[in-house]
Amino acid sequence: MWFEESSWSNLRLTDIVEEWRDLWPSKIEFIFTAMAYLFAMTNFLNLPKLILENGGAAFAAAYAIVVGVLCMPTMVMEMSIGQVTGRAPVLAFYHLFPVFRGIGVSQILFTLLVLACMTKFLSTLCLFLYYYFWTFQAGRSGLPWLNCKAFPEFVSQPCREAGSINNITQLNNRLNTIQAESSMMQFLNTLERPSESIADFKDFQYNILITQGAIWVAIFVSICVGVRFVGKTVAFILMLAFSALLVFFLRSTTLGGVTEVLEIYWKATDWERLADYQIWRLAIEQAILGTGIGYGAFITMSSYMKRTNNLVCDAIFLSFWHLIISFVQTTSVICIVGFLSMKLGIHPSELLETGEDQMWFMLAYVSYLPKLWTGVLLTICICTMFSVLVILTLSVLSTVEDAFGENWSKCCRRFFLSIFICGFCYSLTLYFSTQAGRHAYELTTRSIKYCTIYFILTAELFATAWFYCAHKLGKDLHAMMRSKCCSCFGHFFLYFTYLLPVLPAGVALLNALDYKFSSFSAPIHEWKYSEYVGIAIATVPLLPIPLYFFMTILCACCCKGKNHLKTCKRIRDVFGSHFQNHPQQQRRNEKAQPIPRYTSNAPGYLLLPQAPLAEPEIYA
């Protein structure tokens, strides 16, 4: 039984992991969940433009190298931490090093911010899908974000269709998609009714409020039973999203203009640009955002795996999966752009954006295709984002369960704990559903993208590789895994983590130097405290790292505790692992002190006074 197996392996590996920790019902559910986490929207929206403007195939090669050199070893490291400790990020780092417990706290705080922002964006896409089906039910032709004349209730000023051409000059033409007078922007304005200032929140937009609530109800249903149901839910959503993406990919590659756009991308290839550090900076930044390392999600997912799981093969497979799915996503967008470029006579560079603007462009692209493809595109995006939301929420739930202990892992208490977490996360999104929500969303997303996740990842890599020691974590791999070949590969990957902290730290430093508050929109500048709020949003998730570090050392210096140890001994303890029986040390102890065969504590024997002994008794 899974309970007996997990209990036996836990007791042999460490005294920290108790028997009440759940496991994935099967490894395939863990793999599907991790695949869904790596099925990110980030590359779908950002990579096509980044590749075209930063050296073509050279940038794609740089991205693949970063995934192999930075992301794969970090996955091995995070999955090793989760599997060896059997805990979510906060307690996992506490068991590695008490002084670095703040890293896990920072990851959870940052995850809460990301959950709020993703909920806002996902609710907007869900409203698009709602009005997509509404047009069928109401018998209306066209779509409200694409057609001006057919939907006058969504038009408040002179309107241009989002898929039409905006003539800037004879040599520079673009679609009207993100222009203020476009049907797309007017549709969004009807949904959000944005105010003139970020501080002027005015009224709630009940359509957004209800949609965000429905999203969190669905997330609650997915996580309230724990990993036993999360894997099934996410696996179903992953198969739906992947099937829709394959259909979209096949259709986009048969539209025409594919050869021409691929030739443009190939001509943009400049291998000499690999000598430019800015290319590597963008590749590192995009790879970290695309793979989701540093959030603690891989630690949480692997903490529910058996201790003998071959995590090295999992990390290699997941890295290749990420590259493959990124290729399919990027190629789909490039082919659609090639079709429109040939049809409208616009250069592909004028049809590409990054972030949410690219999403609105994609919805405008499919106006040149049958209406069905809009539904396929929205299905891909909604399923992808919902899966990531479920996984990140599971990480928060696991952290709170670990903090409260065994009783809160039981079904009834977990049910109420899930209600509290989903309700709390929903409350974080309330301001986004006001008329100032668009501006608050812009301030939050742009503030956290500069350096927050990169500093967290730097601290995680530094603490694990240099303080706990990557070599020591590699020994843990050898103790856990049955395959010696794979554990050697994993040990080799972990050696890279000694050098990796400099990569996210460099990106964070360069982004901080490029910070310009003047680039934010006018409604944000209307409130004089906006810049301070943005800085607080970016830095508050980082504060637990130094706070826990110094407070732990201070407590060790000032508090003698029950054992009344010397100060130097207490300080040494807070910089040491809390594994009471480290696997390597346990093996040495077992070899040095074999258990006597005929004693009362010998396993498998029950001595009776009247039982004859074949040889003299040996007493310990």
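Positions of Cβ are set from backbone N, Cα and C atoms, glycine also.
Caution: TrEMBL annotation is automatic and unverified by curators.
Feature annotation from TrEMBL assigns transmembrane segment to 28-45 (among others).
Positions annotated as Na(+) binding site by TrEMBL: N43.
Annotation source TrEMBL lists transmembrane segment at 57-75 (among others). Through the fold, the transmembrane segment (57-75) approaches residues 47, 50-51, 265-266, 269-271, 273-274, 279-280, 282-284, 286-288, 291, 293-294, 298, 315-316, 318-319, 322-323, 326, 457, 461, 493-494, 496-497, 500, 503 of its own chain, all at least 6 residues removed from its boundaries and within a Cβ separation under 8 Å.
Marked as transmembrane segment by TrEMBL: 81-97 (among others).
TrEMBL lists 109-133 (among others) with the feature transmembrane segment.
The Cβ neighbour count for C159 (disulfide bond), using a 10 Å radius and every protein chain shown, is 20. According to TrEMBL, the feature disulfide bond maps to C148-C159.
Distant neighbours of the transmembrane segment (204-227): 22-25, 29, 119-120, 122-124, 126-127, 130, 191-193, 233-234, 304, 386, 389-390, 393-394, 397, 409, 411, 414-415, 418-419, 422-423, 425-426, 429-430, 432-435, 437; these residues of the same chain sit at least 6 beyond its ends, with a Cβ under 8 Å from one of its Cβ atoms. Positions annotated as transmembrane segment by TrEMBL: 204-227 (among others).
Look at TrEMBL and you will find 234-259 (among others) tagged as transmembrane segment.
Taken from TrEMBL, the feature transmembrane segment applies to 279-299 (among others).
The annotation transmembrane segment is assigned in TrEMBL to 311-340 (among others).
Annotated transmembrane segment per TrEMBL: 372-394 (among others), in sequence order. Below 8 angstroms of C-beta separation, residues 33, 36-37, 39-41, 44, 111, 114-115, 118-119, 121-122, 125-126, 128-129, 132, 143, 215, 218-219, 222-223, 227, 230, 233-234, 237-238, 240-241, 244-245, 247-248, 251, 292, 295, 297, 300-301, 359, 362-363, 366, 421-422, 425 of the same chain, each at least six residues beyond the ends of the transmembrane segment (372-394), sit close to that stretch.
Per TrEMBL, transmembrane segment is recorded for 415-433 (among others).
Annotation comment: TrEMBL describes 492-513 (among others) as transmembrane segment.
What TrEMBL lists as transmembrane segment is 533-559 (among others).
Cα separation, C148 (disulfide bond) to N43 (Na(+) binding site), rounded: 31 Å. Shown in sequence order, Q286, G290, S326, Q329, T330 are the residues of the chain, 6+ apart in sequence, with a C-beta less than 8 angstroms from the C-beta of N43 (Na(+) binding site). Residues 28-29, 32-33, 35-36, 39, 222, 325, 328-329, 331-333, 335-336, 338-343, 369, 373, 376-377, 379-380, 383-384, 386-387, 390-391 of the same chain lie 6+ residues outside the transmembrane segment (234-259) yet bring a C-beta within less than 8 angstroms of a C-beta in it. Under 8 Å from some Cβ of the transmembrane segment (415-433) lie the Cβ atoms of residues 112-113, 115-116, 119-120, 123, 201, 204-206, 208-209, 212-213, 216-217, 219-220, 223-224, 393, 396-397, 400-401, 404, 408, 440-441, all in the same chain and six or more residues away from its ends.
In this chain, the transmembrane segment (81-97) does not touch the transmembrane segment (533-559); fewer than three CB pairs sit within less than 8 A of each other, excluding pairs fewer than 6 residues apart. Distant neighbours of the transmembrane segment (492-513): 69-70, 72-74, 76-77, 80, 281, 284-285, 288, 294, 312, 315, 449-451, 453-455, 457-458, 461-462, 464-466, 470-471, 473-474, 477; these residues of the same chain sit at least 6 beyond its ends, with a Cβ under 8 Å from one of its Cβ atoms.
Panel annotation: around the transmembrane segment (28-45), residues 227, 230-232, 234-235, 237-238, 241-242, 286, 289-292, 297-298, 301-302, 304-305, 314, 317-318, 321-322, 325-326, 329-330, 333, 354-356, 358-359, 381, 384-385, 387-388, 391 of the same chain, lying at least six beyond its termini, place a Cβ under 8 Å from a Cβ of the stretch. Against the transmembrane segment (109-133), stretch 279-299 has more CB pairs under 8 A than any other of 81-97, 279-299, 311-340.
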